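S.K.: My questions will all concern the structure given below.
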Amino acid sequence: MKPKHIIGIVVVVGALAYLIFGGLGRNLVYFYTPSECLQNQATCQSRQVRLGGLVKAGTVNYDKDTLDLRFVVTDGVSEFPVQAKGTPPALFGENRGVVVEGRFQEGTFVSTNLLVKHSEGYQAPKEGYTPEQIRKLIEEAK
Amino acid sequence: MSQSKRMDILTLASLSLGLLTLGIGAFLAFTAPPATEQGHVYRIIFLHVPSAWVGMVSLFVAVAYSILYLARGKAHYDRMATAVIEVALLFLSLTLISGMLWGRPTWGVYWTWEPRLTTFAILLVVYIGYFVVRSAIEDPELRAKASAAISILGAINVPITYMSVKWWRSLHQTQTFDLTTGRSNFDPAMLPALLVNILALSLLFLAFVRIRGLLAERESAKQELSPQAG
């Protein structure tokens, strides 16, 4: 084997080891839910973590001048106030999924990175519903 | 000089039909209705999903060729497995790039170490390793056997990557077309664009693999004629 082949194999094996033991091992639990953070304060509240949940409706407060973003992340049971800085992604909004990276400071989650988790659904906008269609939709939803 | 094999009718037909279908697919992708949640940016799906599906499924085709090689020992199967994996790597790179370009405007980041992205990165590295191992082994028979083993074992990661969004908490959304439950969440008005693009990339995949297989065949024929020149 030539040296370049040995280097190549070392690079590939090293990359795999890094991905499996570093990347995957640490991220099998990619984010904690607010309920988990409430229960395991030791693991969640004392270090850098990801917190995931839904943006609670009516809690979003964004200051366009200072770029301060405040909202509440919830999983329906527990919730935490979140403080972030900067313009969020366009898909950020109430009742939408969000994953924030950062750590707790005095009960508030201070986010250094805000990610939006969107749904797997792709639907065209519906225009001009007839009353019959709306009734049908309501009946189907039951 | 011996009569070298030429591109056959199937290769040429799938190449030209694939390019034509790709054009139609692009037209449909841009005329499909926008999505309620994402607006126009969702159109990346018409490249991201077809390249991912064709690339991932083809890795099982490579497994079939690898098993055939191990069973029959014909160099042709080894060449075809390599051709399939080479083109698959191209398609999966397209999946990676289109996914990153899609992630930035929707999630907010090009990349994050979440389960789907991490398992996919491992998949890519394994198949890059396939070519590193091939280039490192000089004995053709040993090379073919080793790469067949990597191809067969590496494909285990395909279902793991597919299921990663269900097995673990991820940023990547779950499958829009869920093969395990048969459910889908995709507007029928958007479906033609997706299906035509899947057909286009499948045809192009077939053409690329056949061309790559032909090239590999000519290369090995040439090496047999003048071994010292290889």
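Note: Cβ is positioned from N, Cα and C throughout, glycine not excepted.
Nobody curates TrEMBL annotations by hand; they come from automatic prediction.
Sharing the record's features from TrEMBL:
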DOMAIN    B:5-172  domain 'Cytochrome c assembly protein'
TRANSMEM  B:53-71  transmembrane segment
TRANSMEM  B:83-102  transmembrane segment
TRANSMEM  B:117-137  transmembrane segment
TRANSMEM  B:149-169  transmembrane segment
TRANSMEM  B:189-209  transmembrane segment
S.K.: Which bits of the chain, at least 6 residues beyond where the transmembrane segment (B:149-169) starts or stops, bring a Cβ under 8 A of a Cβ in it?
M.R.: 56, 59-60, 62-63, 65-67, 81, 85, 115-116, 118-120, 122-123, 126-127, 129-130, 133, 175, 179-180
S.K.: Hey, which bits of the same chain come close to the transmembrane segment (B:83-102), Cβ under 8 Å, at least six residues off its ends?
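M.R.: For the transmembrane segment (B:83-102), the nonlocal Cβ contacts are 41, 44-45, 47-48, 51-52, 54-56, 58-59, 61-62, 65, 110-111, 117, 120, 123-124, 127-128, 130-131, 151, 201, 205, 208-210, 212-213, 216.
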S.K.: For the transmembrane segment (B:53-71), find every same-chain residue at least 6 residues outside the stretch whose CB is under 8 Å from a CB in it, and list them.
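M.R.: For the transmembrane segment (B:53-71), the sequence-distant neighbours (Cβ-Cβ under 8 Å, at least 6 residues beyond its ends) are 77-78, 80-81, 84-85, 87-89, 91-92, 94-95, 127, 144-145, 147-149, 151-152, 154-155, 158, 161-162, 198, 201-202, 205, 209.
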